[in-house]
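Structure first, then comments.
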């Protein structure tokens with residue numbers, strides 16, 4: 001238990017320290033964008049791509065945002081960062097959204113952004129633990145997590161908690177990095193692959209990276225229906241050259257160093273390793289969704 005608490009504190013400190021730097025460079029969405037493969041990313045294009053990622057995730061999970069009768073009433077974003085997803089959905093689709101993050105600094109920033117956009121009555125943000133969320137059973141009809149679950153070692157418990165707070169029929173949506181699935185003859189990844197993933201995790205305070213097969217198994221064990229997966233790796237890699245270009249520009253590097261310190265610089269180093277791991281067929285960007293039984 002002490003190790004878990006220590007890890008949670010490290011994650012909170014990481015985001016408390018580095019959030020301001022990334023917000024200044026790329027805005028309130030602290031996640032990858034969804035691009036057409038082969039696109040050349042720019043800052044304006046990235047702002048469109050990050051909100052497209054949200055729309056694509058909901059579309060993938062079969063969540064209707066067009067039909068008022070089917071539109072979600074209450075969405076939870078687990079690992080909400082600066083609240084960008086909640087703010088976007090509340091503003092565009094008039095959906096009530098709640099975000100939870102382990103970082104008090106992120107909640108403060110999210111609340112300030114909500115106030116600036118006049119959305120205080122449509123969104124709310126809480127500091128809390130994704131493994132023990134302060135919500136009632138069945139409270140949300142969409143439970144969504146975008147690039148958060150890898151900070152947690154017990155991913156099955158993370159998903160179980162998502163399912164608990166989901167209402168009957170709720171969409172459970174996980175967007176995350178995964179490692180390659182093992183072949184039928186393999187018991188584990190190769191030693192050099194394990195070493196690569198550990199280096200990536202250590203740089204950005206991740207606990208571990210799991211396979212797509214693992215996520216399907218966890219959702220299956222929780223009796224979710226309509227489980228499906230999609231490989232979106234080619235849709236996110238156009239962002240990497242832009243990240244490197246901006247981060248290693250004079251303005252970008254100084255901003256990262258002054259506002260984010262070593263924590264922010266380590267993110268760029270991790271993305272360099274992630275880019276190579278993708279090229280090597282080790283790392284993927286994956287969408288996984290299921291539906292809680294009625």
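Placement of Cβ uses the backbone N, Cα and C atoms for every residue, glycine included.
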Query raised in the report: If you check Swiss-Prot, which stretch out of 111-119, 120-128, 129-137, 138-146 is marked region 'SAM motif II'?
Result: 138-146
Query raised in the report: Sequence-remote contacts (6 or more beyond its ends) of the motif 'Vacuolar targeting signal' (137-143), Cβ cut-off under 8 Å?
Result: 58, 61, 63, 72-76, 78, 98, 162-173
**Report entry** DSSP helix/strand/coil residue counts for the region 'SAM motif II' (138-146)
**Finding:** 0 helix, 7 strand, 2 coil
